[in-house]
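In what follows, a structure is listed as structure tokens, so that the remarks can point back to it.
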Amino acid sequence: MSFSVDVLAGIAIELQSGIGHQDRFQRLITTLRQVLECDASALLRYEGRQFIPLAIDGLAQDVLGRRFTLEGHPRLEAIARAGDVVRFPADSDLPDPYDGLIPDQESLKVHACIGLPLFAGQTLIGALTLDGMEPDQFDVFSDEELRLIAALAAGALSNALLIEQLESQNMLPGSSASFEQVKETQMIGLSPNMMQLKKEIEIVAGSDLNVLISGETGTGKELVAKAIHEGSPRAVNPLVYLNCAALPESVAESELFGHVKGAFTGAISNRSGKFEMADNGTLFLDEIGELSLALQAKLLRVLQYGDIQRVGDDRSLRVDVRVLAATNRDLREEVLAGRFRADLFHRLSVFPLSVPPLRERGEDVVLLAGYFCEQCRLRLGLSRVVLSPGARSHLLSYGWPGNVRELEHAIHRAVVLARATRAGDEVVLEAQHFALQEEVSPALPDDSTPTLPANHNLRDATEAFQREMIRRALAQNNHNWAACARALETDVANLHRLAKRLGLKS
């Protein structure tokens with residue numbers, strides 16, 4: 001069989017008729033699967049010694065969330081090194097990265113596999129993979145015909161990457177486009193609200209505006225901050241992180257602004273604060289709502305005038321720092337309650353971003369699950385970790401109050417459990433490996449009274465009451481310990497100690 005001019009023209013037309021890069025990539029993959037009569041096809045982007053799926057057809061949806069490292073996938077490494085069409089024999093001892101990931105064929109191993117590396121000049125930018133269940137499925141196609149397919153795909157991918165770079169170049173004066181500069185963050189998701197968030201990040205990244213990132217605990221606010229920094233002119237300089245909720249009041253000012261020798265007991269030498277460390281770069285202040293009003297006033301001065309004073313020093317230091325702040329609280333409500341300065345809120349929220357909770361991201365749950373499955377596979381040295389159809393449905397039906405962080409932990413626990421109950425280095429996650437309903441205690445009604453143990457003495461009753469109060473406060477505050485401490489009107493450090501004594505923390 002050979003390709004007719006009409007077939008090649010049809011592929012080219014599909015590439016031009018798509019709306020946006022993602023649609024064009026999907027049209028290409030779907031058309032190739034039909035023309036080549038393969039069971040699965042994928043277009044992958046190459047970056048940082050790993051392949052990142054851009055479009056798939058005939059593969060499980062979670063493949064789009066996986067990141068295939070060369071070290072962990074010898075077939076993909078062979079494709080990256082080859083420079084030409086790669087045909088893997090049916091009896092190849094190199095594991096196929098898609099084994100177990102073709103729907104309705106999970107228990108079967110892929111037999112026929114072809115890899116087409118994609119180049120822009122001499123630079124590897126991606127690959128096309130074609131897989132079939134029959135050993136001789138692709139024998140009818142010559143290498144020359146497959147090279148034509150690769151050339152069409154490479155042209156589409158290189159144009160998309162170049163446009164992406166030119167768009168970034170417009171926002172970053174002085175930059176120049178090159179394929180080596182393309183960098184993909186780990187913000188996985190194709191749901192409409194995640195695509196909107198990514199678009200907003202692209203808009204604000206090239207500016208020097210301060211950004212307030214809001215969202216529930218575990219949604220990935222730190223990843224948003226990293227994406228903003230990496231897309232900014234400051235990307236060559238440091239991104240410095242500070243968790244405001246973990247700062248004791250006694251050292252918070254020193255952590256932010258530094259101190260000089262002798263400023264207080266224990267200050268045995270000069271020490272730079274986070275603002276100095278982030279000079280010409282970016283400072284990410286996580287849980288900004290936990291700062292005291294006194295520190296908020298000093299932070300406001302830095303944002304207004306660009307100078308800081310180390311603790312114990314009368315001199316001012318000039319700093320050039322972009323501030324990204326994150327919170328899981330409604331700072332507007334905090335302003336009304338007098339717990340957060342209105343002027344600081346307005347300084348920080350010039351360009352506010354809201355990170356959607358996982359329950360509002362639809363199929364992104366499956367993509368993220370694939371990403372975490374691949375992480376576990378590499379970490380535990382397994383040949384494959386896949387989700388059964390039942391497991392996918394189970395994950396999609398759950399509400400994820402702990403968001404992406406809870407999903408990550410759930411996948412890791414499920415892999416360990418499944419591995420312990422099945423011999424070998426292949427793990428298939430089933431619905432029963434996830435005890436999701438038991439992982440998060442439902443919030444009690446506000447007017448409920450904690451149940452006391454029967455035949456209790458005073459100590460048991462007191463501990464039972466404390467335990468239930470803490471559980472209720474945690475559930476009502478998205479399992480954020482600092483917010484829980486505020487709700488219970490107690491010190492967060494004391495709350496941690498009490499929770500450990502009551503068996504609520506390990």
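We number each residue from 1, going along the chain as drawn.
The backbone N, Cα and C atoms fix where each Cβ goes, and this holds for glycine too.
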Of 141-160, 481-500, which range does Swiss-Prot call DNA-binding region? 481-500
Should K221 (ATP binding site) be counted as helix, strand, or coil on the basis of DSSP? helix
Within 10 angstroms of the C-beta of T282 (ATP binding site), the count of other C-beta atoms across all shown chains comes to 24
Cα separation, D57 (4-aspartylphosphate) to G218 (ATP binding site) (Å, whole number): 31
When you measure from the Cβ of D57 (4-aspartylphosphate), which residues in the chain that are at least 6 apart have a Cβ under 8 Å away? Q26, I29, T30, L32, R33, A40, S41, A42
Over the DNA-binding region (481-500), what does the predicted model average in pLDDT? 79
